[in-house]
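**Q** I'd like to ask you about the structure that follows.
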Amino acid sequence: MYYCISFTHKNTDIALREKLSFSNEAKKSEFLKIISTHENIEECLVISTCNRVEIVAFVKMACAEFIVKSLALLCDVDKDILLEKADIFEDSGAIHHLFSVASSLDSLVVGETQIAGQLKDAFAFAVKNNFCGVHLSRAVHSAFKCAAKVRNETQISKNPISVASVAVAKAKELADLAQKKAVVIGAGEMGELAAKHLIAAGAKVIILNRDLQKAKDLCERLGVLSEYDSLENLKKYLNQYEFFFSATNAPNAIITNSLIEELPYKRYFFDIAVPRDIDINENENISVFAVDDLENVVQKNLALREQEARMAYGIIGRETSEFFRYLNDLALMPIIKAIRLQAKEYADKQLEIALKKGYLKKSDKEEARKLIHQVFKAFLHTPTVNLKHLQGKMQSDTVINAMRYVFDLQNNLEGLNQYKCEFDMENNDEIY
């Protein structure tokens, strides 16, 4: 069954999410290797962003305690706290949740489109490292299709919003950004988003980054309203400008009290990184906004999008039902094929016995074979038609299991692999 354990802005604070975050691929790979050794876990992947950690798996039976214990040991967190906080989804609930995540209905900012790329990256990593097979591939591919339908049939992603844009929106409430200079620390995806929104608001941006070439490349994409410098000069900029947006992947805070000088004007720091980049004291001239502090702005956007979200959830519900109908169809067709193949094998076997015992002349073999095959085809016609009529119906699972038992069919039916997942496992760059 499909299985999902979820830690998000809805059930954890930023301090806990910092500890759970997978800031590098080595940590993610280590965790997936650990949990994939469990006898009940067949496939798994991890989605890790500033607002969520999602463990998505295909399992034989529920194993939340093992997964959470493994996560707790790796991240040095109390297992009982994680079990208390975790949202756990099974089967249709897990698929509905995955589709909601992919469609940005579960995001801090509903309608933001970053999550699709983050899911794509998580999936590609799992496929590349052999943690993900046909079951999760089908689920993720269907999640992308659902997300596309939500975008195309609702207005929820029009004028897309991200945590970075919410931070800039908050800055615009505090001051007119036109002609001001804002410092963006970090040249990654979140830093680039913040810079784009700042430029759209009329500000000029300064990009600070450890890798100067990456900062230069970003400025070339941004255009004339940007410049760049090394992160080594951070202190100089911190004590020269008013607005700072920090979005690095540093494991610890990079902006601390030791770098801050007292100045006679207000400065605003927006920490949009997880783990947090900023650890300074606030006072009348220094204000710090972390991811969780942006909730008020987020709520305004949620109110505007409430109707679109209701429509989107309707789509997700229908797509979830359609996904399980699709799985039932995949299961039924191999059953039909296996029963017919079994009948053919028994008929051929009995024909050979009849020939050996002299019940039939060898010259009559082919005519007898045709007759026998016509008989079993006629006999199986009505069961085959009735099985096909079950496709997409609730009772199909019960019938499938009964047919497997009655005809002694193996769990991995011959022919199942012909139902190729739409995701090409050999070309995992063609995911989305």
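Glycine is treated like the rest: Cβ placed from N, Cα and C.
Keep in mind the model is a prediction, meaning the values are calculated, not measured.
So Swiss-Prot lists these for the protein:
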{"type": "ACT_SITE", "residues": "Cys50", "note": "active site, nucleophile"}
{"type": "BINDING", "residues": "Thr49, Cys50, Asn51, Arg52, Ser107, Glu112, Thr113, Gln114, Gln118", "note": "substrate binding site"}
{"type": "BINDING", "residues": "Gly186, Ala187, Gly188, Glu189, Met190, Gly191", "note": "NADP(+) binding site"}
{"type": "SITE", "residues": "His97", "note": "site 'Important for activity'"}
**Q** Of all the binding-site residues given, Gly188, Gly191, which has the fewest Cβ neighbours within 10 Å once its own Cβ is left out?
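**A** Ranked by other Cβ atoms within 10 Å, the binding-site residues Gly188, Gly191 bottom out at Gly188.
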**Q** For a quick check of packing: other C-beta atoms within 10 Å of the C-beta of Cys50 (active site, nucleophile), how many?
**A** 21
**Q** Using Thr49 (substrate binding site) as the reference point, find which of the binding-site residues Ala187, Gly188, Met190 has the shortest Cα-to-Cα distance to it.
**A** Met190
**Q** Please find, for Thr49, Cys50, Asn51, Arg52, Ser107, Glu112, Thr113, Gln114, Gln118 as listed binding substrate, the greatest distance between any two Cα atoms, in Å.
**A** 15
**Q** So if I draw a 10 Å sphere around the Cβ of His97 (site 'Important for activity'), how many other Cβ atoms end up inside it?
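**A** Excluding its own Cβ, His97 (site 'Important for activity') sees 24 Cβ atoms within 10 Å.
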**Q** Can you list the residues of the same chain, besides Thr49, Cys50, Asn51, Arg52, Ser107, Glu112, Thr113, Gln114, Gln118, whose Cβ falls within 8 Å of the substrate site's Cβ centroid?
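**A** Output for this site, in sequence order: Ser104, Leu108, Val109, Ile115, Ser162, Val163.
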**Q** Should Gly186 (NADP(+) binding site) be counted as helix, strand, or coil on the basis of DSSP?
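**A** It is coil.
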